[in-house]
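Data first, discussion second: the structure below is written as C-alpha cells.
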Amino acid sequence: MAPLKGKMRLNRPFNQNFLMGCILACLPGIYLALTGLGAGGGQPSSQHVASITNSILYGVYTFFGWCAGTFLNYFGPSITVCIGGLGYPLYAGSLWAFGDGVDQAFPLFAGAFLGFSAALLWTGAGFIQFAYAEEKDKAKYITYQWSLSAVGGTIGSLIAFAANFHKTSVDGASAAVYIVFIIIMCCAVVGALFLLVKPKNVVRDDGRHIAVFKQPNIKTEIIGVWKVMSDPKIIILLPAMFAGEMILAPASSINGYYLNLRTRSLANLLFNFIMIPAPLILASMMDSSFIKTRRMRGVVGVTAIGTITMASLAGVLGWICVHDVDRTKPPPGVDWTHGTGVSYIILYLFFGIVDACFQIVVQWVLSALTNDPVLCARYAGAFRGTVSLGMCIAFTLDAKAVSYKNQIIIQLCIYALALCSLYYVIFKYVKETNYFAEENVIVPVSFEEKALVEGLVTEEAVRREQELERIARGLAATSTEGVDIEEDSSIEPKTEIVKPKA
C-alpha cells in the first residue's frame, strides 16, 4: 500500500496519541493541579480527609488497574477512556462540596469511584502510547502524553495561582477555580467518546495497520491477565512500578502543610510546568539514534532519572531536618518571601521531574518488552494497578500522620530497589527489536526494508507481513472486531520464517 499523505487524519497513530494527551491534560492534568494545592485544594485542616480519600482512591485503583486491560481489549479505547474520565469531575465536585461543609462521605465515595474510572483512563492512555508507537518512537509517544498532561496541570495551576495571588492566608481554593476545573473535565469526557478511534482502524503513515486483532473472549483474557501476573519480567519490575508515583504523596502533603495558599499555588504551577520540558529531554535520550543499542538507551535513561530521584529525596530529607518541619505543630503558612518557602519550592520543582520522568522510564521498559496491542493493554493495566498500590500506601502513611522524615526515608529505600529492578530487566529481557517475532503485529515498512537489506529476515517473512496487512484492511472495512489468525492455515507462524539475529 502506498504511504498516506494526510497528516491531520484522525486514525494516524501520532494524532491519536496527541488527542489522548489532550484528554489527559483536561482530566488528570487538572486533577494534579488540584491535588498539588495540598488538602485537595481545601484548607490545611482538610488534609486528613484528602489523604484518606486518596488512600481509598488508590486502593480501588489497584484492583481495577490489573483488570482494566481486559476491559479495554473488549470495548476499545474510546469507551474505556470515556468511562474512565467520569470520575474526575465528580471528585473535584466532592472536594468543593466538602470545603463548603458537606459531610466527608461524599469525597470518600467520589474517591472510590475515581479509583475505578482512573484505572480505565490510564490503561487506555498506556495502551495507545505502547501499541501505536513504532519501536524507535516509544519514548516520544510516552513523553508527549506526559507533557500534554503537564500542560493541563500547568494551565490549571495558573488559574489557581491567578485566583489566589493576593491570598496570604491558609484558605482553600475558591469556588471559581473548582467550577472552571469541572467544566474543562466534562469537555474532555465527551471528546474521548468521539475522537478516539478503534485500534483496528489506526493506520501508520506508510499505509500499514498496527496489527491484526483477534476476537477477545473471557477465557483468553483471564488466562492473559494471569500470565502477566506470573510473568518473571513483570514480577521483577513490581518494585519499579510500585515506586512510580509515590513521591507525590509527601510532596503535596508538605506543600499543603507548610506553605500559605498563594505560595502553594506558585509551587504547584512550577511543579506542573517542569513536567513539560523534563520528559522531552528524557525522550531525546531514550529514542536517540546516537546511542546505538536499545539496552544502552534504557540504561542512560534509568541512570539519569535515578540520580535525580535519589538526590531530590536526600535533599528534602536534609531540608526537613535543618528546618525542623514537624506536622504535629500548627501549619506555619510560609510565604514565598521567606527563605524556607523558596527552598522548598526548588525541591518541589525537582519532585515534578521525578514524578513524571520516573514513570516514563518504567513505561519505556514495559513498552520495550512487546509490540502486541493485546499484551500492551495488559501491561498498561498492570503498570497503573501497581503504581496505584504504591500511591495507596504512600497516602495511607500520610493519613496516619507518619512524620515527613520517616516517609522520605521509606521512599529512599523503595526507589533504590526500584532502580535495581529496572537495570536487571533491561539487561536480561529487553531485546534490540520485537518485530517479526509476535504473531499479530504488522511490521512498519521502513523496518521491514532495512531488515531485508541486512539479511535479518526472509522474503517469506515479508510476504507474511503483506498478508497480515491484507487481513487488517479487510477487518477495518467491516464491523468484525477480530479474527483468530491461528485458524487461518494460509498464514505460517512468524517464528518459522524469521532468521535469528546474531
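Glycine residues also receive a Cβ, built from the backbone N, Cα and C atoms like all the rest.
If you check TrEMBL, you get these features:
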type	residues	note
TRANSMEM	18-40	transmembrane segment
TRANSMEM	52-72	transmembrane segment
TRANSMEM	79-99	transmembrane segment
TRANSMEM	105-132	transmembrane segment
TRANSMEM	144-163	transmembrane segment
TRANSMEM	175-197	transmembrane segment
TRANSMEM	234-254	transmembrane segment
TRANSMEM	266-286	transmembrane segment
TRANSMEM	298-322	transmembrane segment
TRANSMEM	342-366	transmembrane segment
TRANSMEM	378-396	transmembrane segment
TRANSMEM	408-426	transmembrane segment
REGION	480-502	region 'Disordered'
COMPBIAS	491-502	compositional bias 'Basic and acidic residues'
With pairs restricted to those 6 or more apart in sequence, evaluate whether the transmembrane segment (144-163) and the transmembrane segment (378-396) have 3+ C-beta pairs under 8 Å.
no
With contact taken as 3 or more Cβ pairs under 8 angstroms (pairs 6 or more apart in sequence), are the transmembrane segment (378-396) and the transmembrane segment (105-132) in contact?
yes
Check for me, if you would, whether the transmembrane segment (79-99) reaches the transmembrane segment (175-197) - at least 3 Cβ pairs under 8 Å, residues 6 or more apart in sequence.
yes
With pairs 6 or more apart in sequence, are the transmembrane segment (408-426) and the transmembrane segment (234-254) linked by at least 3 Cβ pairs under 8 Å?
yes
Long-range CB partners for the transmembrane segment (234-254) (under 8 A, at least six residues beyond its ends), listed in sequence order, are 35-36, 38, 47, 51, 54, 228, 271, 309, 312-313, 316, 325, 327, 344, 348, 351, 354-355, 358-359, 362, 365-366, 379, 382-383, 386-387, 389-391, 393-395, 397-398, 404, 407-408, 411, 414-415, 417-422, 424-425, 428
Need a quick answer: max count of Cβ pairs under 8 Å to the transmembrane segment (342-366), which of 105-132, 175-197, 266-286 is it?
266-286
